[in-house]
Amino acid sequence: MALCWFLLSFLFHSLYAHSDFFASIGQMTDLLYTEKGLVTSLKEYIRQEENRLEQVKEWADKLDSLTITATQDPEGFLGHPVNAFKLMKRLNSEWADLESLVLKDTANGFISNLTAQRQFFPTDEDQTGAAKALLRLQDTYQLSANTISNGDLPGVVHKSRMTVADCFELGKIAYSEADYYHTELWMAQALTQLDEGEESTIDKVSVMDYLNYAIYQQGELERALELTKRMLKLDPNHQRANGNLKYFEFQLEKQRKAEAEKKEQEDKKREKKVLDKREAQRKRSKDPLPERKKYEMLCRGEGVKLTPRRQSRLFCRYFDNNRNPQLLLAPVKQEDEWDRPRIVRYHDIISDSEIKTVKEMAKPRLKRATVHDPIMGKLTTAHYRVSKSAWLSGYEHSTIEKINQRIEDITGLEMDTAEELQVANYGVGGQYEPHFDFGRKDEPDAFKELGTGNRIATWLFYMSDVSAGGATVFPDVGAAVWPKKGTAVFWYNLFASGEGDYSTRHAACPVLVGNKWVSNKWIHERGQEFRRPCEMSENE
């Protein structure tokens, strides 16, 4: 047991001296083995406790029978010298042994193991990050709190229900972020499950207290008042509810008076307001959807802008890149995914064994993914990119070298000036909000330290299937590309003139169900002068 725990401690010290577990499903899977080891230790502690209690029980049963007999005729019983001797012996030494047995602490081993492992446990930040991810998934995929609580998600294999305590905790985290919309949703769900009879250590009044405040903060005084009255029926002496009752009644009365005073004036202006409202709606109907809304719609599979006519111009083919010697005997399978910007997918382009090697190399060094801060000019973590990544060089392993050569053969672009292969694993609700891969004119020094120019193109391997969510979407053009293990997609970020193609702004949708592994190669301008000649037209 000691050796087992030493090995576990060594393993997790080497892998998880960092935090942000929520940002990588791949690293979170290893936490399951930590928990499994702790359960084994806990069961051993229970076994020892059961053995100890069994000994105490046997002793108690034996003495119970003895004392019943003895107390029926105490003097007669003690008249037997052996009984007298055994009584002296029991009270002088055997009860002391029993005291030691009862006081024996068999928890020391388990507690010491637990304490040793706690330094590698997820932190408050991890719990908060996972909670925020659930809220993000709820919004992006338009899921009700009840759907998530019941575990009714598409593509799930291991269905898991949320308890009242789980819903309450999620609501509290939203409350701590002043997110009263989600506070209301999850406190209401907790209350519903309590009303349906679920047993919990969380009481209804505590849930209602948070729910009441969230509703009030959203300006719904009447609902807040009704909930306050319900609270007081359960707990008439609740100090805050009694104070709220008077305050809400006062505010509602004040509001009604103000509305009554304005009613006459509003009646006169009503006809004009109707006309203004219609005009405003007409104008809004012409306004383009905000990027966030388009992004979320595409993530749900809605709003894809590819007409049947454009679809008919997309084809599949065997591709040898102008009779590249490496592809003559084994051309690759190329499929058009989109026309403008041109996005192509390559099928069966990376094998399972290669994927396994890449993941094994990347996993121990996964760190929270960073983004380029144009203001600071440095790489930094960001809330809108929830994943962990690692960088792999061709000289480290022959598999990486082969992958790099394969990308060069297919694209015809120089890999010596490309960035290393970046491997990314997305966490709970893992996403990367809309962004450009290339440096814009307002950030001319974006890749200055590399000395290889701008990012001319992006190559993206999908190294896992994703049960639900996780698409790569292009909000400006309404394109969506779904993950498929063993495939890769490719597009140019720059026109041949060197100008940036702003239609390539893209995003990685939150992973709803599953584990998303990708790897990408960012290809730079230097070295491509004769491989992709410059054009004079700006948009060519």
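A Cβ is built for glycine as well, from the same backbone N, Cα and C atoms used for every other residue.
TrEMBL annotations: computationally assigned, not manually curated.
If you check TrEMBL, you get these features:
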- 417-525: domain 'Fe2OG dioxygenase' (DOMAIN)
- 259-294: region 'Disordered' (REGION)
- 205-238: repeat 'TPR' (REPEAT)
- 1-17: signal peptide (SIGNAL)
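Across the domain 'Fe2OG dioxygenase' (417-525), mean pLDDT in this model comes to 94.
Taken residue by residue, the domain 'Fe2OG dioxygenase' (417-525) breaks down under DSSP into 3 helix, 47 strand, 59 coil. Helix, strand and coil residue tallies for the repeat 'TPR' (205-238), in that order: 27 helix, 0 strand, 7 coil [DSSP].
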